[in-house]
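Single-structure report; data block below.
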Amino acid sequence: MNEKQRIESQKVVAGNPTDKKSAKDFSKYFESVYIPPSLKDAKKRGKEEVNYHNDFHISEEFQGLGNNKKFYIRTYGCQMNEHDTEVMAGIFLGLGYEPTDTVNDADVILLNTCAIRENAENKVFGELGHLKTLKKHRPNLLIGVCGCMSQEESVVNKILKTYNQVDMIFGTHNIHRLPNILKEAYMSKEMVVEVWSKEGDVIENLPKVRKGEIKAWVNIMYGCDKFCTYCIVPYTRGKERSRRPEDIIQEVRHLAAQDYQEITLLGQNVNAYGKDFEDMTYGLGDLMDEIRKIDIPRIRFTTSHPRDFDDRLIEVLGKGGNLLDHIHLPVQSGSSEVLKMMARKYDRERYLELVGKIKAAMPNASLTTDIIVGFPNETEEQFEETLSLYREVEFDTAYTFIYSPREGTPAAKMVDNVPLEVKKERLQRLNALVNEISAKKLKEYEGQVVEVLVEGESKKNPDVLAGYTEKSKLVNFRGPKSVIGKLIKVKVTKAKTWTLDGELVEEALEV
Ligand code: SAH
Ligand code: SF4
Ligand code: F3S
């Protein structure tokens, strides 16, 4: 099937299910043409080459589509979604739309969704409920669902059946098709569904409107091939594919020229960077070694997978400079048996060994992590191994979750014999430990001078400024507005539960 045929076969312009006259015909028609997103197809990882495209443009037929119209995008989930929103905002602007920060005067509302846990999905269904009322009063409003949930067949089917206020559903591989999808939605006033199940493409020249002028995200790779047994991401984001180093470096240089102070390199598993290149000799360490020479004061990367974290990367990170020594290294569990069931492909010992190597190369490194409690069959002893690993590593902080079964993943088929009450209780115990160690670590900052990238006024008090340290600690302090966007030195006066209070030492660092 060529590209055009595939687009045609995957694209469905569904009749309006509310149109009673044609409901039966519609249903027949729909079944005959509708190809739902398939988790099974999404799992296939072909050996086909990654196609790089540089030819995105907004063709004449779409010019002015958004004149005198406003768009609003609500983003759920991780930084990858946040960054996709920046791309979609870029496309909207290219079409002539203006942004708005309220749904009330928007002409198009997009929900950029996350499928990682059930409660993430429930939030979106709740929001769709609210939007139904809005749509009743303003029938011309277009409502779209995109992001990871739209890659799930069960979600698409549910929306088609019960949420007829939705006009468009499109997947994570279809973002560049937004102009076509919008036009179709306007023309037909019928539900447009366009979701490709797997894609191996990288589209380089999509427009972007970044949310801030101080910090920026840069994708270095897309997708995930790890297939941890609990996780939906490999199905919703497609196969691992790396951007070419030259494209990434050019983007980072461009951001440096625009005076950005901090870059976060993004991918679901950034340590697998380059593994899909033919010669497989260029990895994340090599990329970081080039990027560190670019004149940007702070470089971060996320998310790391312990399995692919290699010595070359550790060596490069050890060079310091603008490469920050804060590493987010999700462990998920402290028990080797649970890690095996999760198919994480490392065990407790290897994780601790890696932590040891990182700390040897970067003595001041701070580590943060993600942990899942209540995985099917997790025993009390296995959970306690998570607690003991946490104490041993002394993470700065952690994102902690109760396991949530995701349809189509291997773990969802496992018998789960851990009662919800037990899962909740484990989460509480783990959070108590996380809080205890975070508080202890924050307390150590009292009296120290830290470097802060000032982001703006504090949310609670406009007379107070707020910014982040190299290790992502939020610091509040009083100072002139002229330091916003700059790196300055602040003396920490008090550690609060989650944040630090400080006073300005020096207005701006020589960089
Ligand atoms: N790629 C990253 C994580 C992406 S998802 C990594 O591999 O570490 C962010 C976090 O959500 C995961 O680290 C995991 O802790 C959590 N998570 C993923 N699937 C989950 C599920 N089914 N239930 C509960 N938490 C989950
Ligand atoms: Fe999910 Fe595992 Fe991939 Fe992370 S590495 S996105 S947890 S499958
Ligand atoms: Fe959620 Fe998709 Fe990110 S499932 S965590 S938005 S990759």
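Cβ atoms here come from the backbone N, Cα and C positions, even for glycine.
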Which of these, Cys148, Cys224, does TrEMBL list as part of the [4Fe-4S] cluster 1 site with Cys78, Cys114? Cys148
Counting across all protein chains present, how many other Cβ atoms fall within 10 Å of the Cβ of Cys114 ([4Fe-4S] cluster 1 binding site)? 22
For the domain 'MTTase N-terminal' (69-187), DSSP counts of helix, strand and coil? 66 helix, 23 strand, 30 coil
In sequence order, what residues of the same chain, 6+ apart, have a Cβ less than 8 Å from the Cβ of Cys78 ([4Fe-4S] cluster 1 binding site)? Cys114, Ile116
Within its own chain, what residues at least 6 apart in sequence put their Cβ under 8 Å from the Cβ of Cys148 ([4Fe-4S] cluster 1 binding site), listed in sequence order? Gly77, Asn81, Thr113, Cys114, Ala115, Ile116, Thr172, Ile232, Val233, Thr236, Arg237
Please list, in sequence order, every residue of the chain apart from Cys78, Cys114, Cys148 whose Cβ lies within 8 Å of the Cβ centroid of the [4Fe-4S] cluster 1 site. Tyr76, Gly77, Met80, Asn81, Thr113, Ala115, Ile116, Ala120, Gly147, Val233, Thr236
I'd like the per-state residue tally for the domain 'TRAM' (443-506) from DSSP, helix first, then strand, then coil. 4 helix, 34 strand, 26 coil
